[in-house]
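**Q** As listed in TrEMBL for this protein:
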| type | residues | note |
| --- | --- | --- |
| BINDING | G106, A107, F139, D224, E225, V226, Q227, T282 | pyridoxal 5'-phosphate binding site |
| BINDING | R142, T281 | N(2)-acetyl-L-ornithine binding site |
| MOD_RES | K253 | N6-(pyridoxal phosphate)lysine |
Amino acid sequence: MSNSSVNRATFDEVMVPTYAPGDVIPVSGEGARVWDQEGNEYIDLAGGIAVTALGHSHPGVMAALQEQAAKIWHVSNVMTNEPALQLGQYLCENTFAEKAFFANSGAEANEAAFKLARRYSWDHHGDGRHEIIAFDGSFHGRTLFTVAVGGQPKYLDGFRPGPEGVRHATFNDAASVKEQISDRTCAIVVEPVQGEGGVRPADYGFLRELRRICDDNGLLLIFDEVQCGVGRTGRLYAYQDYHVEPDILTTAKALGNGFPISAMLTRADIAASFTVGTHGTTYGGNPLACAVARRVLELVNTKEVLDGVPKRQQRLSDWLEAMAEETGLFRDVRGRGLLMGAELAAPYDENTKAFVSAALEAGVLVLVAGGTVLRFAPPLNIPMPDLNEALDRLEAAWKALS
Ligand SMILES: *Cc1c(COP(=O)(O)O)cnc(C)c1O
């Protein structure tokens with residue numbers, strides 16, 4: 001029981017109303033389980049939003065934070081620090097990248113990626129070649145540049161004018177990309193698995209085709225792996241599953257397992273365009289965040305965790321397919337690895353919230369994406385008994401709605 005004097009009503013009193021949080025206030029977590037102020041227990045199939053990939057209160061991650069907390073928290077970018085250098089080394093050794101830039105959120109990593117793409121183009125091709133092609137339904141963050149690039153125009157309502165020079169093409173349609181290319185284009189940005197837009201995986205051929213288009217036209221290919229990276233697909237990064245190498249990759253969410261950190265990764269020849277003074281952020285490369293992120297990567301990038309992903313995915317997708325068949329609740333089940341979506345069929349798609357609420361009541365945390373898709377992003381290491389129990393709870397709760 002919580003004796004706390006704050007509750008859900010406090011949110012309405014003191015918080016800017018950008019969110020509409022549920023009534024439940026989680027106060028502690030362990031592994032795939034979370035407890036609220038009243039002591040109710042939930043199984044977490046959301047992982048925040050694909051953030052806590054190793055579950056809550058992971059002892060190894062906690063130790064990394066505590067060890068670093070006892071040493072030094074901040075030194076500014078006027079000096080570098082050991083955890084940042086070690087994290088940079090780790091990322092360069094384990095991905096295509098030769099250089100890393102650290103920031104604090106997915107949006108900031110993307111902001112850096114978009115600015116770098118323009119700067120690189122400016123260096124190599126001069127003025128006027130600054131357009132970025134992105135995709136309908138994509139999500140890249142909430143800064144003004146990242147919402148302008150994102151494929152959901154309503155996120156710009158009331159904030160216009162946004163940055164110019166963004167074009168949108170149709171996801172999984174390479175021909176629509178070619179139509180947008182001109183001598184003003186500098187880069188293409190894509191989520192290998194669209195998360196917020198409704199859990200839509202890119203076709204394998206589509207990303208290969210984008211690589212070819214970029215090579216033929218001298219464009220940079222940017223993969224936004226903020227949601228689908230860090231083990232979610234069963235590989236450390238999704239591009240390794242697709243066998244398509246980007247020029248720039250952004251990663252955040254699960255990178256800190258709940259501690260804020262993001263990174264933009266790229267090759268040395270591209271990184272060279274971000275010369276001293278061209279970009280920066282106070283907290284980027286913070287020692288606490290970097291110590292946590294390196295431990296997270298070391299723990300995720302093991303056979304044990306990565307090989308456990310397809311097994312759990314199989315269980316989850318088998319269950320979703322069976323539910324679809326038996327109840328008619330879902331019209332499509334899709335995803336990659338442990339980022340799965342079940343698109344609600346009519347008429348259920350008019351009340352997605354009812355499914356989330358019923359899940360919550362039954363003691364399971366799930367997410368929504370793209371308005372009508374129930375999204376699952378459980379910890380990569382969720383114990384099978386926890387997953388089974390969560391699915392049993394959901395089955396009872398959702399069958400009652402069908
Ligand atoms: C969540 C997300 C972002 C934005 O990350 P923030 O940390 O919220 O700024 C960007 N791109 C994708 C694909 C995301 O899922």
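The backbone N, Cα and C atoms fix where each Cβ goes, and this holds for glycine too.
On a predicted model such as this, the values are computed, not experimentally measured, just so you know.
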**Q** Helix, strand or coil: which one is R142 (N(2)-acetyl-L-ornithine binding site) in, per DSSP?
**A** coil
**Q** Among the binding-site residues A107, E225, V226, T281, T282, name every one whose Cβ is found under 6 angstroms from ligand 1, counting any of its atoms.
**A** A107, V226
**Q** I'd like to know which of these binding-site residues, A107, V226, is least surrounded, judged by other CB atoms within 10 A.
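**A** Selected from the binding-site residues A107, V226 on minimum Cβ neighbours within 10 Å: A107.
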**Q** Non-local Cβ contacts of D224 (pyridoxal 5'-phosphate binding site) (under 8 Å, 6 or more apart, same chain)?
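**A** Looking at Cβ-Cβ distances below 8 Å from D224 (pyridoxal 5'-phosphate binding site), excluding near sequence neighbours, one finds G106, N110, A113, S138, H140, V189, V190, E191, T250.
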**Q** Please report the distance from the Cα of K253 (N6-(pyridoxal phosphate)lysine) to the Cα of V226 (pyridoxal 5'-phosphate binding site), rounded to the nearest angstrom.
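**A** Rounded to a whole number, the Cα-Cα distance is 6 Å.
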**Q** Where's the emptiest Cβ shell within 10 Å among the recorded positions R142, K253?
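**A** Minimum Cβ neighbour count within 10 Å, taken over the recorded positions R142, K253, occurs at R142.
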**Q** Return one of helix, strand or coil for D224 (pyridoxal 5'-phosphate binding site), based on DSSP.
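**A** DSSP assigns D224 (pyridoxal 5'-phosphate binding site) to strand.
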**Q** Based on Cβ atoms within 10 Å, give me the single least packed residue among the binding-site residues T281, T282.
**A** T282
**Q** Give me the CA-CA distance between T281 (N(2)-acetyl-L-ornithine binding site) and A107 (pyridoxal 5'-phosphate binding site), in Å, as a whole number.
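**A** Spelling it out, the Cα of T281 (N(2)-acetyl-L-ornithine binding site) and the Cα of A107 (pyridoxal 5'-phosphate binding site) are 13 Å apart.
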**Q** Cα-Cα, whole number of Å: Q227 (pyridoxal 5'-phosphate binding site) versus R142 (N(2)-acetyl-L-ornithine binding site)?
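**A** Pair distance, Cα basis, whole Å: 15 Å.
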**Q** Over all shown protein chains, what is the count of other CB atoms within 10 A of the CB belonging to G106 (pyridoxal 5'-phosphate binding site)?
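**A** Step by step: centre on the Cβ of G106 (pyridoxal 5'-phosphate binding site), count other Cβ atoms within 10 Å, giving 25.
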**Q** How big is the gap, in Å, between the Cα of T282 (pyridoxal 5'-phosphate binding site) and that of R142 (N(2)-acetyl-L-ornithine binding site), rounded to a whole number?
**A** 19
